[in-house]
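**Student:** Pulled these features from TrEMBL for this protein:
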{"type": "DOMAIN", "residues": "6-405", "note": "domain 'SAM-dependent MTase RsmB/NOP-type'"}
{"type": "BINDING", "residues": "Cys104, Ala105, Ala106, Pro107, Gly108, Ser109, Lys110, Asp136, Asp197", "note": "S-adenosyl-L-methionine binding site"}
{"type": "ACT_SITE", "residues": "Cys250", "note": "active site, nucleophile"}
Amino acid sequence: FPSCRFLKDICSRLENDFRRSLENEVSDECGEYALSPLPWYPGNLAWHLNLSRKQLRKNPALESFHEFLKHESEVGNVTRQEAVSMVPPLFLNVQAGHHILDMCAAPGSKTFQLLEMIHQSKEPGLLPTALVIANDLKVQRCDVLIHNTKRMCTANLIVTNHEAQSFPSCSLAKDDSEAYKDHCKPQRLEFDRVLCDVPCSGDGTLRKSHDLWRKWSSSMGNEFHLLQVNIAMRGIALLKVGGRMVYSTCSMNPVENEAVVAELLRRSGSSVELLDVSTELRELVRRPGLGTWKVNDRGSWFQTHEDVPDSRKNVILPSMFPSSTSIHESHKVYNSFDVNSEYNVPFSRNFNIEDTNNVNCDTGGISSSNSAQSLDSKFPLHRCMRIVPHDQDGGAFFIAVIHKLSLLNENQVIKVRKTENLLSKNRTVKLQEQN
């Protein structure tokens, strides 16, 4: 890490000692490059080891290198993590003095990166004035988070245990001496940067998480969609005007990725914009976000929410589908609930319609859609980025960078919450009726 006082020594050992010796000793097992710097990581501070854990532990020729890694990791000079998981913090563009929120932080590798960034940006001889708040839902994961970040030995970290979608507003005294004055009104803490690495189906980790192959299905992402939207919306609400939020998942499912980003843009209106960061980290191989996709439910694929059976419309939400830039939707009735007339729901389905082939989904010989529409999102979702495993021989990740332009329209947020409550109550009633 850049602020490590042994940085030059560690880099020298990696480059001059271990890199050459590994190439000579294990070149037959892992090819020409057993150890090499990641070309897209600034300053050659991240290295890729082309060896498995088993190889590293069992090969006697690698014992000295393995001991080096263990020792430097224990003292906090080196952190081991998957390469693609290092990417999201880099797009936050952290500066000195920033207040940063990591909403779903455990196990803590990205939090450690953020801490390193704030210590790197400080003036020599001074402690950083920046602050990182690392949050996670589960107490056990918070324990892991603390264990992994305590190696940093920093006083600039606070670990919290909250639901990310309900993360509380915080107050901040202007000065330590003012905190005890009665007349001093604490100022609301707004974050300059928010990292929103949300829970997801994790299908981007299939190469290393072999257990996922047995339980994965293309509809797994549906159950995470609304949670991801709510977490990200809370992140935007806590973000300072002019601040930057990075939304990321280790999934390739557009319902968890582009559909969530489109819903964030729809709900936030002109308060936020999706940034084009294609000029940042130029060496990073990435692909643009999708503009159109289908949604899977119980083995059937749907192009629009109108194609979904009435019995599933409260599970498969309109926000899961591509949408236009309009925040209003034509009049619709969901299971006898007149949603839009009362609450003016900001769900949009005003699409350009082009003739395509009918979509016939296999549901035991029954066609689940008669739609002949090809629908594209009207949001600039191509500004999102998809990192796929076969481009750089690693894991998969989705990343979107959002810039806050102005305060959110609270009325719009309230309307969306009322609609969600309405749909949730309707779903509960139907389940009770079925029981």
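Note that Cβ sites are derived from N, Cα and C of the backbone, with glycine treated the same way.
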**Student:** Using all protein chains in view, find how many other C-beta atoms are within 10 Å of the C-beta of Cys250 (active site, nucleophile).
**Tutor:** 24
**Student:** With every protein chain in view, what's the tally of Cβ atoms within 10 Å of the Cβ of Asp197 (S-adenosyl-L-methionine binding site), excluding that atom itself?
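**Tutor:** Asp197 (S-adenosyl-L-methionine binding site): 22 neighbouring Cβ atoms within 10 Å.
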**Student:** Widest Cα span across the S-adenosyl-L-methionine binders Cys104, Ala105, Ala106, Pro107, Gly108, Ser109, Lys110, Asp136, Asp197, in Å?
**Tutor:** 13
**Student:** Rounded to an integer, what is the Cα-Cα distance in Å between Cys250 (active site, nucleophile) and Asp197 (S-adenosyl-L-methionine binding site)?
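**Tutor:** Taking the Cα atoms only, Cys250 (active site, nucleophile) lies 9 Å from Asp197 (S-adenosyl-L-methionine binding site).
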**Student:** An 8 Å radius from the center of the Cys104, Ala105, Ala106, Pro107, Gly108, Ser109, Lys110, Asp136, Asp197 Cβ atoms defines the neighbourhood of the S-adenosyl-L-methionine site; name the other residues of that chain inside it, in order.
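**Tutor:** Here the non-site neighbours turn out to be Asp102, Thr111, Ala134, Arg141, Leu145.
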**Student:** If I restrict to non-local contacts, at least six residues apart, and a C-beta distance under 8 angstroms, what lies near Ala106 (S-adenosyl-L-methionine binding site) in its own chain?
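**Tutor:** Non-local contacts for Ala106 (S-adenosyl-L-methionine binding site): Asp136, Lys138, Arg141, Cys142, Val144, Leu145.
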